[in-house]
Amino acid sequence: MDEEEIEKAVMTYLKKKGFKQTELAFQEEQQRQHPKTALHSTNSHVDPEIACQILSFSSELESNPAQYHEGYGKLRSWAYSSLDLYKHELLRVLYPVFVHCFMDLIAKGHIQEARTLFNSFREDHEMMHARDLQKLEGVLSPSHLEEMEFAHSLRQSKFNIKICQYSYDLLLQYLHKTQSVVMLGLINEHINFQVSPGQPTSISDDAEVVTLMGSGQDAVNLINQKEIHWGLLEDSLEERLEKAGALVPDSAKVDGEAREGEVEENKKRPYEGGKQGASLKKSKKDKVATATGKASRVETSTVSVAPRVKPELTLPSIPAEVEHSILEDLRNRVQLSSAALPSISFYTFINTHNGLNCASISQDGSLVAGGFSDSSLKVWDMAKLGQQTGYATSQIVEDSYPSDSLLGANSGRKSYTLFQGHSGPVYSATFSPFGDYILSSSSDSTIRLWSTNLNTNLVCYKGHNYPVWDVQFSPVGHYFASSSHDRTARIWSMDRMQPLRIMAGHLSDVDCLQWHANCNYIATGSSDKTVRLWDVQSGECVRIFIGHRSMILSLAMSPDGRYMASGDEDGTVMMWELASGRCISPLVGHTSCVWTLAFSCEGSLLASGSADCTVKLWDVTASTKLLKTEDNKTGSINRLRSLKTLPTKSTPVYSLQFSRRNLLFAAGVLSKNT
């Protein structure tokens, strides 16, 4: 058998097995070695005897499903018996191999053998991949692999695994020594290794195994090389205030003792504010502003160093009285740091009977909205709530009686304004930056715009085909974005019925989104475990952030637009640098879903709210400074320092919002299950 015949047989085998990438690489190699004959090699006649010899190997594998169980079992035993230095990296290979062994057996019709394999080894992966295993457990026939979205996407994508050179060489040596052809084939087809020189990474950074849905690593690298402009808008109100030095009072210079006293006072305020109503809370905010206006300057260290960019959208004009109010808030902004934590006002919904789906708080904390499963949207005015009850309280009482559809101007029975119009559960609500409008999205696939001044529905936007999970106003108002079960995100303007842009690229639900500070980009988080950054003008994806192991539930952008935080279903929060697209710091501490994230106005703190009934405050400044100085020379990942954990009695945190004066508002619903 000469060399040409062998090449023909190999080409036939690759075609039969569908190894397209390997086939192309083999053809290129042939062209380099035999430039004249390689052009005709793919169409040449193949000796039937040679083809039978090669293809009989494939038939033998298909007729012997036990090789999958045996091969995986040996690979598992070898990985667990490896040296501790390399074990945690070698164990990363097991889950992708296990999943594809199971799906290959199902695809070839060996259902019973697939179930035996699945039940024998599923316990190894329960801790890290419990939700994925629950989905795969429902695959019972080859047709399910095509019909089930999750299984189909796994078959079409590759696992990216970071591994050091020593571990990679050990794995290859094992596969060749044991001649584990089945395992070698699966690893070659479904795993993309990112080999790094030197010693293995630490066990604590074992969050590197990720599934890249729908595109290879090369495509992601190509996307992440696109240029983005992460700075702030030119001629923003913050920039104007910064340039007008006369706006900062001369009395800003005070001694350290007075500042420390105010820090202690701020620490006490959350506990006092938790039991006070809107009338007292509003006066408290004024007192805080007055005190801190004398004790701190306007924050310039973070915002001023950010580059300035031009807006890609036509920005709306700001009314003079609104602009004056914003500037007043900016002048009196509280300076936050690791030594001066924010005051927190927490709104608790009670008696909701498991009907509350979402909560939203206006910029100044004067309005609180709740979206409910009965298709209603309810808005509480904190000032009216304090007046009606006759005493100060920040608990929002959801009436259990469905009568009285709208709160009248002179009515005192209801403590809220009821907005009705949706025909399905309301999943998201967001106030405009100035609090005069509110948007709501629903399972009825529509978005509705409401006026908080007129207490009426103004517009119903239709464009999505499935439930709309999230909707967010832009930082300047007028424009807003929505995300849906139809795997798209859309950009709208208030004066147009149809979307201006449609962002398509995710391979599963787009669960959450967040505008960039300069309104030129939108970040979307999806059930495909990735976060994407989109250019508003072109509608193109300019960054893909990979690292989460479960669906993304919350996003937040830093005020200078340089960093982004994302929270997932497992309780992990990740900090990303937009320019490079890399994770600079995982935040570990929550034990359940992270539903909401918020940066403080100067970007020094990050607040996270979770279903584990806690609010956590993280030190952003210390971590980013460490990143710049050390630049991760050791290969390990920085972790943000947790400054404080604030537990609630039994209230999962639905929403967090920093006011312009850096007061932190939070909202949640009292749960009787915990």
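The backbone N, Cα and C atoms fix where each Cβ goes, and this holds for glycine too.
The compositional bias 'Basic and acidic residues' annotation in TrEMBL covers 252-272.
Annotation comment: TrEMBL describes 63-191 as domain 'TFIID subunit TAF5 NTD2'.
Taken from TrEMBL, the feature region 'Disordered' applies to 251-295.
The repeat 'WD' feature in TrEMBL is assigned to 349-382 (among others).
Below 8 angstroms of C-beta separation, residues 322, 357-364, 366-367, 369-379, 405-406, 457-462, 464-473, 475-477, 480, 482, 484, 492, 494 of the same chain, each at least six residues beyond the ends of the repeat 'WD' (419-451), sit close to that stretch. Residues or ranges marked as repeat 'WD' by TrEMBL: 419-451 (among others).
According to TrEMBL, the feature repeat 'WD' maps to 461-502 (among others). Tertiary proximity for the repeat 'WD' (461-502) is limited to same-chain residues at least six positions away from its ends with a CB under 8 Å from its CB atoms, namely 313, 315-316, 424, 427-434, 437, 439-449, 508-515, 517, 519, 522, 524, 526, 534, 536, 539.
The repeat 'WD' annotation in TrEMBL covers 503-544 (among others). Outside the repeat 'WD' (503-544) by six or more residues, the chain places 149-150, 153, 210-215, 220, 223-224, 226, 228-233, 309, 311-313, 315, 469-470, 472-476, 479, 481-485, 487-491, 550-561, 564, 566, 568, 576, 578, 581 with a CB less than 8 A from a CB of the stretch.
Confidence over the repeat 'WD' (545-586), given as mean pLDDT on the 0 to 100 scale, stands at 89. The repeat 'WD' annotation in TrEMBL covers 545-586 (among others).
Long-range neighbours of the repeat 'WD' (587-628) within the same chain, counting only residues 6 or more positions beyond its ends whose Cβ lies under 8 Å from a Cβ of the stretch, are 299, 301-303, 333, 335-338, 341-342, 344, 346, 553-560, 563, 565-575, 638-658, 660-662, 664, 666, 668, 671, 674. The repeat 'WD' feature in TrEMBL is assigned to 587-628 (among others).
Per DSSP, the repeat 'WD' (545-586) is made up of 0 helix, 24 strand, 18 coil.
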